[in-house]
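S.K.: Sending over a structure as C-alpha cells; questions will come in a sec.
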C-alpha cells in the first residue's frame with residue numbers, strides 16, 4: 001500500500017499500471033507465501049450467507065478501527081490468499097485473492113498474464129508471513145481459471161477472475177471465506193470501515209513484503225476520480241476508485257486481485273466490495289487505486305460458484321492449458 005503503497009504490478013498496459021507481477025520475493029515450495037454508492041446492477045435484496053465475512057481472531061469490535069498502513073495481525077484477514085506461480089522448485093507471489101467459497105478464490109483477470117496454465121498456480125492461505133508455513137496454513141493447487149469473455153487486458157474492463165482449488169479447503173480460525181456483496185444495498189462513505197491488504201510494495205519503487213500489510217481506505221466518487229486531474233474519464237463502468245485523494249494509502253505492485261473489504265455493522269460481517277485492479281503509479285495524488293466491482297458480475301459468478309466440477313461441464317477430452325469459450329466465459333483448464 002503506497003505511501004506505503006500496498007503493491008501490485010506496473011505492467012504498462014494501455015498507459016495504466018496493473019497492480020500485479022512476479023515481485024522479487026521467491027519462495028521454496030513449502031513456504032507459505034466524497035460519499036459514494038458502490039455501483040451495481042439493480043437487484044432485489046437477498047439474505048446474506050451466514051458462514052462468511054467473520055474473522056474469529058479479529059473480532060467485530062475492530063470493524064471501526066483505523067488502520068494506517070501497517071503489518072496485519074495474524075488471522076486479521078482469514079480470506080486473504082497469496083496466488084503464486086511455480087517455476088521449477090520456486091514459488092513466487094504474483095497476486096492477491098479473496099477466498100469466497102471453500103474451492104473458489106476471487107481475483108483479477110490481468111493476473112493471468114504471468115501464467116495461463118492453471119497448474120503453474122498455487123493458492124496459499126492461512127498465513128500472514130510468506131516465508132513460513134504454520135500448521136494452520138494451506139498450499140493448494142489451482143485446476144481451473146475462469147475469466148469473463150469480454151475482459152480487455154489493455155483497459156482493465158471486466159478485470160475479474162475465479163480460480164478453482166484442486167480440493168476444498170477446511171476452514172479454521174485463520175482460513176475463512178469473505179461475503180460477496182450480492183443483494184447488499186449500502187451507501188458507503190468515509191465513515192464506513194473499508195480496508196485493503198496485500199503483500200505488495202510499500203512504496204512505488206520499493207520491494208514486495210513477505211508480511212501482509214493492511215490500510216484503511218474510503219470510496220472516492222467517480223466525478224473526483226475521473227476528473228481531468230486524475231484518470232480523465234477512463235475508469236471502466238464496472239470499476240470504482242478508493243484510497244485517499246492525497247495518495248496517503250493505496251495499493252501497489254503485488255496487490256492485484258486482493259480484496260477491498262468493508263465491515264457492514266447491520267450484517268456484522270465483512271464484504272468484498274472490490275478487487276484490486278490497477279492504478280497510475282502507487283500512492284500518487286489524484287490517482288487512487290481502481291477496483292473491479294464484484295456486484296456487476298453476480299450472474300456470471302453465481303453460475304460457476306454453484307458448479308461442483310467444472311470439467312464435467314464438457315463432453316470432451318481436456319487438454320492441459322486448452323482455452324475453451326463456453327457458458328459465457330473463457331476457462332483455462334488443467335488436469336485434475
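Positions of Cβ are set from backbone N, Cα and C atoms, glycine also.
Found this in Swiss-Prot, in case it helps:
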SIGNAL    1-18  signal peptide
TOPO_DOM  19-312  topological domain 'Extracellular'
DOMAIN    66-306  domain 'Peptidase S1'
DISULFID  95-111  disulfide bond
ACT_SITE  110  active site, charge relay system
ACT_SITE  159  active site, charge relay system
DISULFID  194-262  disulfide bond
CARBOHYD  207  N-linked glycosylation site
DISULFID  225-241  disulfide bond
CARBOHYD  237  N-linked glycosylation site
CARBOHYD  246  N-linked glycosylation site
DISULFID  252-282  disulfide bond
ACT_SITE  256  active site, charge relay system
TRANSMEM  313-333  transmembrane segment
S.K.: For residue 111 (disulfide bond), identify the closest of the recorded positions 159, 194, 237, 241, 256, judging by Cα separation.
M.R.: 256
S.K.: Quick one: among the disulfide-bonded residues 111, 194, 225, 241, 262, which has the most Cβ atoms sitting within 10 Å of its own Cβ?
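M.R.: Per the Cβ count, the most surrounded site is 111.
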S.K.: So of all those recorded positions, 95, 159, 194, 237, which one's Cα sits nearest to residue 110 (active site, charge relay system)?
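M.R.: Of the recorded positions 95, 159, 194, 237, 159 has its Cα closest to that of residue 110 (active site, charge relay system).
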S.K.: By the DSSP assignment reduced to helix, strand and coil, which category contains residue 159 (active site, charge relay system)?
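M.R.: SS state of residue 159 (active site, charge relay system) = coil.
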S.K.: I'd like to confirm something. Which of the recorded positions, 159, 194, 256, 262, has a Cα closest to the Cα of residue 237 (N-linked glycosylation site)?
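M.R.: Looking at Cα distances from residue 237 (N-linked glycosylation site), the smallest one goes to 159.
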S.K.: Would you count the other CB atoms within 10 A of the CB of residue 159 (active site, charge relay system), including those on all shown protein chains?
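M.R.: Step by step: centre on the Cβ of residue 159 (active site, charge relay system), count other Cβ atoms within 10 Å, giving 30.
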S.K.: Could you tell me which three-state DSSP class residue 241 (disulfide bond) falls into?
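M.R.: Note: residue 241 (disulfide bond) is in a strand by DSSP.
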S.K.: Based on Cα distances to residue 194 (disulfide bond), point out the closest of the disulfide-bonded residues 95, 225, 241.
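M.R.: In terms of Cα distance, residue 194 (disulfide bond) lies closest to 241.
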S.K.: Near residue 95 (disulfide bond), which recorded positions out of 159, 225, 241, 256, 262 have their CA within 10 Å?
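M.R.: So the list reads 256.
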S.K.: Given residue 256 (active site, charge relay system) and residue 225 (disulfide bond), what distance in Å do their CA atoms have, once rounded to a whole number?
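M.R.: Rounded to the nearest whole number, the Cα-Cα distance is 19 Å.
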